[in-house]
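Here the structure is laid out as structure tokens; the discussion comes afterwards.
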Amino acid sequence: MQRSPLEKASVVSKLFFSWTRPILKKGYRQRLELSDIYQIPSADSADNLSEKLEREWDRELASKKNPKLINALRRCFFWRFTFYGILLYLGEVTKAVQPLLLGRIIASYDPDNKTERSIAIYLGIGLCLLFIVRTLLLHPAIFGLHHIGMQMRIAMFSLIYKKTLKLSSRVLDKISIGQLVSLLSNNLNKFDEGLALAHFVWIAPLQVALLMGLIWELLQASAFCGLGFLIVLALFQAGLGRMMMKYRDQRAGKINERLVITSEMIENIQSVKAYCWEEAMEKIIENLRQTELKLTRKAAYVRYFNSSAFFFSGFFVVFLSVLPYALIKGIVLRKIFTTISFCIVLRMAVTRQFPWAVQTWYDSLGAINKIQDFLQKQEYKTLEYNLTTTEVVMENVTAFWEEGFGELFEKAKQNNNNRKASNGDDNLFFSNFSLLGTPVLKDINFKIERGQLLAVAGSTGAGKTSLLMMIMGELEPSEGKIKHSGRISFCSQFSWIMPGTIKENIIFGVSYDEYRYRSVIKACQLEEDISKFAEKDNIVLGEGGITLSGGQRARISLARAVYKDADLYLLDSPFGYLDVLTEKEIFESCVCKLMANKTRILVTSKMEHLKKADKILILHEGSSYFYGTFSELQNLRPDFSSKLMGYDSFDQFSSERRNSILTETLRRFSLEGDAPVSWTETKKQSFKQTGEFGEKRKNSILNSINSIRKFSIVQKTPLQMNGIEEDSDEPLERRLSLVPDSEQGEAILPRISMINTGPALQVRRRQSVLNMMTHSVNQGQSVHRKTTASTRKVSLAPQANLTELDIYSRRLSQETGLEISEEINEEDLKECFFDDMESIPAVTTWNTYLRYITLHKSLIFVLIWCLVIFLAEVAASLVVLWLLGNTPFQDKGNSTYSRNNSYAVIITNTSSYYVFYIYVGVADTLLALGFFRGLPLVHTLITVSKMLHHKMLHSVLQAPMSTLNTLKAGGILNRFSKDIAILDDLLPLTIFDFIQLLLIVIGAIAVVSVLQPYIFLATVPVIAAFILLRAYFLQTSQQLKQLESAGRSPIFTHLVTSLKGLWTLRAFGRQPYFETLFHKALNLHTANWFLYLSTLRWFQMRIEMIFVIFFIAVTFISILTTGEGEGTVGIILTLAMNIMSTLQWAVNSSIDVDSLMRSVSRVFKFIDMPTEEGKPTKSTKAYRNGQLSKVMIIENSHVKKDDIWPSGGQMTIKDLTAKYIEGGNAILENISFSISPGQRVGLLGRTGSGKSTLLSAFLRLLNTEGEIQIDGVSWDSITLQQWRKAFGVIPQKVFIFTGTFRKNLDPYEQWSDQEIWKVADEVGLRSVIEQFPGKLDFVLVDGGCVLSHGHKQLMCLARSVLSKAKILLLDEPSAHLDPVTYQIIRRALKQAFADCTVILCEHRIEAMLECQQFLVIEENKVRQYDSIQKLLNEKSLFRQAISHSDRVKLFPHRNSSKYKSQPQIASLKEETEEEVQETRL
């Protein structure tokens, strides 16, 4: 970034904002890069501002029992706020004085007042000087207030972020991500621009009092008629506002429903295509859209009348003020024109400025109170560690996640002790205690010595993660003692990847040790993965490790924990995403060898891990079921297998957690997070649902990204659980959009209660967030000294061979710390923003306007009609002026003022009636025409929005996956949320306002030009100057706005990243570093926003300067060319003053229109996406006719109509090559094999080898080459829809959309209830559905949060059975299941798909044993394709992965004694199946 010219700018340059000229010139000539943006002034840095406010807030906390945040803000900003308020008031006062001089100028034309005529020229000079003074006062004042608002926002942003990192986990349990984002965006954004209006809460009343005094002097009591009307008008507008809010609230629920379905569709677009559900989803969404648009039109009409009321109120104000006076004393033109000018100012003060100011204070104080409450939340407390101990000890530890239960626990226990003394009832305590809440851990005792390995196992929800959280201090014990040395390293069960390089993620701020680093890389099996990257371990990872597989993310997280030199290592199910072979190698080389001398606590349930552990702790429902060695476990607890049921590899996922609230860390951010709800909780929350989707969505966030969802940071209590749980293998950033898309656009959908402006939700970015905030600094003090900005030292390891693509800016200090400079790596930033900025021009093209206007044929006629009415209005106005100029006047004796009978100044009583009749008649006609003009325009523009939404939805659904893979999910969602909201809400009325203002200006200029043709000569160059200045400014401002909008992304993304890894951050003590990164993100945004505000003020000031010149010309032309006794000067000057404010408003509206039209450009970009080939046309035609066929009819000349295809399920694959995007690297190369009908084939390969990719290639979801045949029919000779219908799919990412059970099973409504129940019975789903009220009509929300992952997979099975598929594709169906539920699915597979071809991708060996053939994929190619016997006889990957016990299961005859126990375990599983059916929810 460049150094800001502001630092060296002169006072004059600062006053006129001339220092922004270089960036304006550069932006006009070329596209702006981030390197062109100026550095922020040091006073605006987040470090300085946050430190200042934090100091005052701490002072407030220390000095008062009831601290007020507003007091801290007052001490920081009050005097500057007051100073700019006084400037603003003085500027507003000049507006009230201007009409006085205007009246004197008109009065100077009175023939009897010759003395005044001589000073008219001086009065004109004074009037012009008032405009100059007003310009010099208002713009610095407005900019100063915007600047203060920006500083307040930055300081509070930082304060909130710092507080977030300190919040206790119990508080986090009650706060959703959506609430935090709303706190940062919706609330704090009010300060930036709203602060400039705050002073009008006292300025407007003073101004009204001054104006009424001046009007009273002119019109006496008549003055209050106009004021009364304005007050009534303000109340009327308030009433319209309430009505509009009612419609908006109703509409927000409908929007939420649509966006929920749309979000689910986008996130699961691959499943939608695999199931051939494109038309079904389109119909569902369009039906919701239709209902939404009815309310949209009502709200738009109310807003239209509200806006029109302001435009058309001017006539009534003047009319009501002047009429009583004119009827009594006649019309005095001087007083009329002066009153008109006063009323213009008065109308603005009463109907706009004061209501806006009141609303600003209301919103601001509300936001401050919310932030104040947040800042007083309970903070995380670190445990007091015993640094002398070497062991880890827990003694009688009991804990609750629910806040306050600890105190109740002690009280109940005390009462229990008192009662036991009297009645001896030992069980009384826990009978009382059950009323208080369930402890997540009860009476836990264990002791492990230094260097020992403790394996913690247990069933789902047993409290294993809570145990680790207790040791880390995240969960406070209600009773008992915990002792350990305090140096802890932690690996979360959900792999958390910090945006940065692989090396930075592993080192994570610890001093760099090459030998240790290489040892950890090797032990965690990362060497091979890293070697595949061109940049090796310096490759930049996206947010959440978007470019990595789940297994790679898990190994990096484990490596981070192992690299840190600690006394105690807490490993929470670190092997979740690893294949069997990799897991085995890492456990041996890393956990058992590399960490052999360290104390380790490992959450696991694998038998091999339990055997190697020094001690084993088995938890069951929060209690210690067993503690001891493995041999003791076998002797004392022979039934321990049943306690591990429902666990196995499922442990690392939160899908089935039922009891504890926070035990599964950041549940909503898990890659496979289902709703952890118990059956009792299900009844509390889910049985209240109705058929209306919106009933359970009162607190949803509409992502604008995002994402339309309320993501809880932790699992919420049953009454709070309104969030959405995702079954997603995709990283979070593919689903969660927390920041606005970088494209320009102001409107979004924040909360369900209101549609307003604010940030929209956005998704993953290609580059690291740290790219946005840091820049490499060469080693050496000399370079560092060149950086004038402040630096902040944080701990981070240095690296050798730094390149300019490095994320961190670093300098090795003696304390192995890091100096992060304020410099930004522009190249990385440019690359990071490239996606958002490309292919959207800085200024909306004329082609976009033309395409938008011609989209609906009625729109052109409406615009022509508007022009015709405008011409009629101008003609009527000229007629009125002609009548005024030619009104006959009475004799001198009959005139009101006997000394004057000139029509230029006085019109008599008799003529006044005549004039007013004409004026009122014409004005009423114009009002009626005006309303008639606007309504059709607004109505038609909403219809255009409807068409654009339909076209875009259709294009997205029909786009190939290769195209969709290049887009960000949040970016797509923003089109349907933010951009459609702009098209619905803002664009129609903004276009109406612009057209209205433009016509007013043109009409005023036309009238003035008719009265004084010389003025027209002055008008032409002024209008030309306006157009050129607008074009010059717009080119730069839109780019700055685009950069500013993109600059918001790192702020919210960094917040989410920090929250996702909050426990890891605390365990590693990295809060200060992440605070620094957050300040970097804030400073980046501030640089763009401050420059945008400055250039905007430059533009506004130039507009005023041009007008001042124009007004000077008009004033002197009028004074010098108006002859004796003519009164047209009053009309000319009054209209000229009106032109000033209206033309500025019109120019600003044109800029708003251009900004909002960028949303149209983005929508057109999506509409123009390519479509998949082979799309049947019959269904499309049926849809266009408003009817959606229940059965899709596809003609295929290669298949006889009498045949049922596919009949057997035989597959032949020849030279299959697959790529994710056109021109990308091949993921699979030259795959060839064949599958016999009814055969079961297992896919084997290491993590990331391409197993899931092969299944996607079968469905033609990727760019593929080669050939596949099913029963002799090639995929090239059949339509895409029919090809996909041949497959049944159970994907990793189970798709349950918001809708009934029936709709989820049969979206095309092809099957009767009897057929659906029959299939549900076949797959074991009937008992699940019957437990819900409404059964098939029960509405599933939040991704089916009331269902376990196993039940969701059963629904996928049911869909496949209903589709009559002959080939079934299963992608790791057991990855998130306990063995019991998986047994149910295996049984369903055997029964429902006995004669089908099954292709299974699975990590669990037991699940693969039923396959006849195995396809081993290695290095993107087929390595082996053989039966299981051949693979076991060779040194294959399968043989390495399978354990001896699994081989015994395969060949029981080789060792019958070892196999005897198998039937017992199998029978145990069978016994529990029915129990699972009843309790699995």
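Glycine is treated like the rest: Cβ placed from N, Cα and C.
Both Leu218 and Ile1231 are recorded by Swiss-Prot, but within differently named topological domains on opposite sides of the membrane. In Swiss-Prot, the annotation N-linked glycosylation site falls on Asn894, out of Asn113, Asn894.
In Swiss-Prot, the annotation N-linked glycosylation site falls on Asn900, out of Asn386, Asn900, Asn1455. Other Cβ atoms within 10 Å of the Cβ of Ser549 (phosphoserine), summed over all protein chains shown, number 17. Each of the recorded sites Cys524, Cys1396 was scored by other CB atoms within 10 A of its CB, and the lowest score goes to Cys1396.
Note: the CA-CA distance between Cys1396 (S-palmitoyl cysteine) and Ser549 (phosphoserine) rounds to 30 Å.
Per-residue pLDDT, averaged across the region 'Interaction with GORASP2' (1387-1481), gives 61. On a Cα basis, Ser549 (phosphoserine) lies 15 Å away from Cys524 (S-palmitoyl cysteine). Look at Cys1396 (S-palmitoyl cysteine): DSSP puts it in coil.
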